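Visitor: The following block contains the structure, expressed as structure tokens.
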Amino acid sequence: MDAKDILGLPKTSFPAPQEKKSRPQKDSQRKPDGISREVYALTGGLAPIMPAIDVSHLKKRTQSEKGKVTWQWLPFTSSARKDNLQLYHWVRVVNGVPPTGDYSFAKYNKSVDIIKYTDEEYEKYLTDPMWTKEETDQLFDLCERFDLRFIVIADRFPSSRTVEELKNRYYSVSRAIIVARAPSPADVAGHPLVKEPYNVSQEVERKRALSMVLSQTKQQERKDAEVLAEAKRITESRMLAKGAEEAELRAASGVAPESTERVTTAAESVSPSSNNQQQSGVVATTATADASSTPASLRMLRVYLRTTVLEQMVQAASSSAGLRTIKRVDQFLQDLGVNIKPKVPTKAVCAEHLELRKEILTLLNLQKQLQYKEAESSSHRDSSYAEAASTPKRLHRGGDQDRSFIPSSINFGGERVGKREHKRKVPGRFSDVPPSPPQSSKRPRKLKASD
Amino acid sequence: MPHTSSARKHGGDQSEGSGSVLKSQRAKMGGIANDSEKKGSSKRLKDVEISVPIVYGTVSFWLGKRASEYNSHKWTVYVRGTTNEDLGVVIRRAVFQLHTSFNNPTRVVDSPPFELSESGWGEFEIAITLYFHSDVCDKQLDLYHHLKLYPEDDSGPQSTKKPVVVESYDEIVFSEPSESFFARVQNHPAVIVPRLPATFNLPPPAPIDNVNEKKKGDTKDHTLSQWFMTFSEADELLKLAAARQQVQAYIVKLRRQMSLIDGQPQQSLPTSGH
């Protein structure tokens, strides 16, 4: 509708009683005789009989009902400006009458009402050891100019003060003035500044905590989540156990908010959502109690099953390994005849079990490394063929053996490798001849010329 | 085992006494003035753990002729000490949570032996919650056990004489136990207590007497004791040790092979083999 308005078109379209006119035209435009209609159409044929588009809808520039609309480039002023600057813009003029009224965006020029104090008021109510009158005046001036945008104000403030300090000063001054000027305290009790004074320390802490949360690494996040879950459990169990005593405590805790903040800022802290000071006490102590063989979260439990510990430690040990590796470890254990979960989990057994698992992991890693090395060295070997002089004595390279590490067929054929070492030490040349491996190797290898 | 309890021992006598005293002391601690003092009144032994080996499980008998469709087996679920000692020193109460189809599925047992007998037809998971004495631990511990009624091998008819027994061995570990707890159980057969270097003035353990007056809490002469399984850690240790040896030898071999491969391409002599 706006588009039509701009163009000056009518909003509703006319009905088009034009069919009668086009009919006589049709008669003179009949197709020639002798060929069928469709064939004639192929050659281009006649124009369509009925107009496809109602012509009356197009290009109708009738007079707009409102009158003549033009657009003119006219000057304007805005009440929002104080300097009577004249700017120009396009204006929709109807019948030669330009629109009246203020610049339409002037109404958005809002500003904050900053309290203005007199010097006497300053002397009486507002002096502060940390702030000179000059600074306070500057602050208020900036506040007015920048509409209480404290970040900007802090940037432009001549001496360096933190945002919180500036806010604190501004709000306490305003509050003092409001209270001082009020005829009675009751009048202003509802004023937001009076009701909720600005609390600097709380603000500082809050921002610090926020930035800490923002800059947490993923690990810390995980740890925190863990500790949080533990704390929740502790809270819940303590709630169950000591309902009445907690009610007492809560009544006495004016300390709670501070303790809340302190605990949030502790290193491995937990958010004490409840006012349960005992809970936060326990958490704080356990946060300090670290460096023990059992994981911190379990120590907090005070009582746990040994199998749970074992599971956790197994998980911790294999955390770097993928799922497949873990399965291989389990398989290995089975092949060795050891239960994946020990049947008699005493302390000694659990310790041994864990050690065994770690050793198996090392073993598997070594195997992988060995395979990589062999891959490297075999590709190395291939590239050096041109210069290779055969040295028949240099046969079995230890590395070619035992590619298939099947646990059940533990092959202690390593002794042969040891012997070969001696021979290789004698001639120090690099040129090597790859021998045929004693066992079939699993990996496909390129054919070696000397085989 | 390092511990710093000697500094706290003077307060030890105060914390002895009824559990309610302990509780009220804790309640009076308002505010977190001092993190480390929080545990002060309960005097915990750092880096010490007390473990209680337990066996928990079920024994289930087929009812034979007396079996009906909804009552085919009679079974008992229990928590006992590994050597059938009395667990009452540590455990105050055991709660067995049965399947909802049972009347009053939450069964509470307040005195040892901690067991429960029932009859039924279905297998389900029983949740066992152990509550400990107040000087032991405030938190409860949860165990889960699947009740097995039917024997593994479906061969042949069931016998009313031979039950289906499934037991699991585990150890309850109390980390940083309180002094009072430690003192109380240091000579009890059900509890594994580590040796402290210089047993500082712990009050001597209460003599384990008055057997006649107290009800017997151990399971030594239990009706089902003939079916209890024995768990020997020696067996397992042996197997583990053997396995470790094998793995270690393997590792040595692999390392040797690796060093060989490393030796060749760089024209450097391999260092003396492993």
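Yeah, the Cβs are placed from backbone N, Cα and C, and that goes for glycine too.
Keep in mind that TrEMBL annotations are predicted by a computer and have not been checked by a curator.
Pasting the feature list from TrEMBL:
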{"type": "COMPBIAS", "residues": "A:18-35", "note": "compositional bias 'Basic and acidic residues'"}
{"type": "COMPBIAS", "residues": "A:269-291", "note": "compositional bias 'Low complexity'"}
{"type": "COMPBIAS", "residues": "A:374-384", "note": "compositional bias 'Basic and acidic residues'"}
{"type": "COMPBIAS", "residues": "A:442-451", "note": "compositional bias 'Basic residues'"}
{"type": "DOMAIN", "residues": "A:127-176", "note": "domain 'Myb-like'"}
{"type": "REGION", "residues": "A:1-35", "note": "region 'Disordered'"}
{"type": "REGION", "residues": "A:248-291", "note": "region 'Disordered'"}
{"type": "REGION", "residues": "A:374-451", "note": "region 'Disordered'"}
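For the listed features, I'd like the structural context: burial, neighbours, distances.
Guide: Mean pLDDT across the domain 'Myb-like' (A:127-176) comes to 90 in this model.
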Visitor: On the DSSP side of things, how many residues of the domain 'Myb-like' (A:127-176) fall into helix, strand and coil, could you say?
Guide: 35 helix, 2 strand, 13 coil
Visitor: For the compositional bias 'Basic and acidic residues' (A:374-384), how many residues does DSSP put in helix, in strand and in coil?
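Guide: Across the compositional bias 'Basic and acidic residues' (A:374-384), DSSP assigns the residues as follows: 10 helix, 0 strand, 1 coil.
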